[in-house]
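Undergrad: Got a structure here, written out as structure tokens. Questions coming.
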Amino acid sequence: MKLAVIPGDGIGVEVTAEALKVLRKLVPDLETTEYDLGARRYNATGELLPDADLAAIREHDAILLGAIGDPSVTPGVLERGLLLNMRFALDHHVNLRPSQLYPGSKSPLAAQPDIDFVVVREGTEGPYTGNGGAIRVGTPHEIATEVSINTWFGAERVVRYAFALAQTRRKHVTLIHKTNVLSNAGAIWTRAVETVSAEYPDVETAYCHIDAATIYMVTDPSRFDVIVTDNLFGDIITDLAGAVTGGIGLAASGNIDASGTNPSMFEPVHGSAPDIAGQGIADPTAAILSAALLLRHLGRDGDAARIETAVEADLASRGDSKVVTSEVGDRIAAAL
């Protein structure tokens, strides 16, 4: 297995080291190439994602990312120039966000044992394509636009991914949108679900407005199995999903090219947390769960399940003890 590793900034370096520790336990022939991308390189050279690095990254089976971001860089520079650029260049059209309540979780819904759903978010369209602008800036007549791009091709392939995933789970897909107001984009998404669902007669479907979905995710999260939604609504609902299941510190994610043409990227949802970087107290659990997602994406379901079982046992045994980054990685690796 050839793995491109982007530790990134802040605690990304520390948590990635623990994820690699776990991966190497299960994949002895793992070949890794590290890429220095993020705030440090940008501050030193002005480079964000050089063409040579992108071309080299394409030659790997998958990508493991730590975290990107630093107070020394203007907000938005790294996000647009590195993360979004990579997402579009590698056609990571599926953003996959599992949301499971683990034992010992600090979730406010910890008393509800059956929280286990996945959000499938479209990753390359919507209002995040940069299709907008502003005129008369600084005047009372300033106008700003952000155009949301929705295509049949983009919606259908993400919906198809969601149905295939649901068939391996509880066989239920919920489309989340705002079709009563966003009627043009909503029509594409609704027809995509109707079209693909005809090929999966054993998968039930449901629809939920985004505002109602935020209520149900708190009051009745077990109603969800696989959620499919667009880029903007997915961006919002996945953070709520993280809070419901104990916080984004435990949240793993995958940025996936479902066609397999490009390597997919896996990363913890949490940020670079520069305030605790270098102290050895960052929880690497989300990075380790991201490694499990990576293995499952590459067809190593058994190894992924072993990691998830070890993580579940580790979380259940922690109690109120303080997290030491390397010790968490050691315990989970030893449990394999």
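The backbone N, Cα and C atoms fix where each Cβ goes, and this holds for glycine too.
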Undergrad: Given that Swiss-Prot lists ARG87, ARG97, ASP211 as binding substrate, which residue among ARG121, ARG191, ARG223 does it place in the same site?
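TA: The one candidate that Swiss-Prot places in that substrate site: ARG121.
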Undergrad: Long-range neighbours only, meaning 6 or more apart in sequence with Cβ under 8 Å: which ones does ILE281 (NAD(+) binding site) have?
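TA: Spatial neighbours, sequence-distant, of ILE281 (NAD(+) binding site): LYS322, VAL323, VAL324, THR325.
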Undergrad: Would you identify the secondary structure of ARG121 (substrate binding site) according to DSSP, in three states?
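TA: ARG121 (substrate binding site) sits in a strand per DSSP.
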Undergrad: Based on Cα coordinates, which of the following recorded positions are within 10 Å of LYS178 (site 'Important for catalysis'): ARG87, TYR128, ASP211, ASP235, ASP283?
TA: ASP211
Undergrad: Taking the Cβ of ARG87 (substrate binding site) as centre, how many other Cβ atoms lie within 10 Å?
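TA: So the Cβ neighbour count for ARG87 (substrate binding site) comes to 18.
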Undergrad: Within 10 Å of ARG87 (substrate binding site) (Cα to Cα), which of the recorded positions TYR128, ASP239, GLY271, ALA273, GLN279 do you find?
TA: none
Undergrad: Neighbour count, 10 Å Cβ-Cβ cut-off, for ARG97 (substrate binding site): what number do you get?
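TA: So the Cβ neighbour count for ARG97 (substrate binding site) comes to 22.
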